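Visitor: What TrEMBL shows for this protein is this:
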type	residues	note
DOMAIN	1-132	domain 'GAIN-B'
DOMAIN	137-383	domain 'G-protein coupled receptors family 2 profile 2'
TRANSMEM	139-162	transmembrane segment
TRANSMEM	174-191	transmembrane segment
TRANSMEM	203-227	transmembrane segment
TRANSMEM	247-266	transmembrane segment
TRANSMEM	286-311	transmembrane segment
TRANSMEM	331-353	transmembrane segment
TRANSMEM	359-382	transmembrane segment
Amino acid sequence: MNIINSKNQDSRTVAFLSYINLGTIINASFFDAKDGEKNDGIYMNSRVVSIAIGPPKSESSSLSVLLKFQHIKEKNAEETPLCVYWEAREREEGGVWSTNGCNLTETTETYTSCTCSHLSSFAVLMAPIPQEEDCVLTMITYVGLSLSLLCLFLAALTFLLCSTIQNTSTSLHLQLSLCLFLADLLFLTGIKQTKNKVLCSIIAGLLHYFYLASFTWMLLEGLHLFLTARNLMVVNYTRMTQSLRKVMYPLGYGIPAVIVAISAGWRAHLYGTSSSCWLRLEKRFLWAFLGPVCTICCVNLLLILMVLWILQNKLSSLNNEVSTIQNTRLLAFKAMAQLCILGCTWFLGVLQIGPAARIMAYLFTIINSLHGVFIFLVYCLLNHQVQEQYKKWFMTIRQTKSGSESVTLSSRFATGSTQTNTEN
């Protein structure tokens, strides 16, 4: 504590008191919020201290008090400190915490410095930084994710019901679609459920799990693609492909479960923020998601490049018209495009800071909604076998509908003939 700007340079008596538990009694609920504002999310984050100074009292107005408070809880990036003093109200019992005459000087994660122009009891409150609602971005989010959910649902049905494409690749596509569907659905319905902290933490943990699972299944797709390319040259790799089929479910759902379990056991309180149900930024906790994602993207990119290298160089002596080579090459390009879309999304999400934050937020939202559209378009609508299956389904539906209409017309005709004969 420093007392500065005093006109009188004589020695003076200063009394300083620091209360351990007073902040739990006159807490943040006593904060004097401005008109139209609420106290939601504001909490006491320092001890309450009182300062008194000896005579002459007439000169107390010329004082400026510099206080440095240690935080009870580390400040995160989505909070701002409020320097407050206890203002007694003559017409009311007790008083309120007010910011009048107190200004923020400096703040870090662990402490805050305040300058006040009077003597009283002081403290530091933490308030969430207000988030401006972007109606256009919200509309894009809901429309885009709804479209993505529809496409993922149709893709999952296709992978389940289309008998002509049942293989390991289709199983991997199905699991990726299911994980993305659940992640997008939870994001759409639960990302703003911040009122209940426990529920918000659970939603953040589930989002962490499903998005990690999506990337893990994408990695398994790349690994299966690499083994398929190697099978064209080395027969023994067939056994490895069969082994992958046995362990892909434990790997696809087990690896993200282990990562989330370790993260939750390590710092469970960092799941959920004041503005969204996602991972907090402090203590670099976001790397519990970004670390595995960056690793998976790098490994997957390496696998895809190796597949293309094998097809280009090692198999140049073979007939390029061989269907297996064509299919593998096509899957490699699809996997590369999928990696770019899924990986770029979260790369843009990390860049949502600084002056370009709004632009990055729009790009993140738009590309995030393309996941389901891409999977349905590339693996279903542009697949010749699936197109043929769709035609068969539509023909069956049309025949069934035509048959039911014929039966209805026949029954009506028979009923009309019966009524005519009865009248005659």
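Quick reminder: no glycine exception, Cβ is built from N, Cα and C everywhere.
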Visitor: Would you kindly list the residues that approach the transmembrane segment (359-382) from elsewhere in its chain, counting only those six or more residues past its ends and only Cβ-Cβ distances under 8 Å?
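Guide: Distal contacts: 134, 137, 140-141, 143-145, 147-152, 154-155, 158-159, 173, 176-177, 180-181, 184, 334, 337-338, 341-342, 344-345, 348-349, 351-352.
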Visitor: Mean pLDDT across the domain 'G-protein coupled receptors family 2 profile 2' (137-383), rounded to an integer, is what?
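Guide: Over the domain 'G-protein coupled receptors family 2 profile 2' (137-383), the predicted model scores a mean pLDDT of 83.
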Visitor: Where, among 139-162, 174-191, 203-227, 247-266, do we find the most CB pairs under 8 A to the transmembrane segment (286-311)?
Guide: 203-227
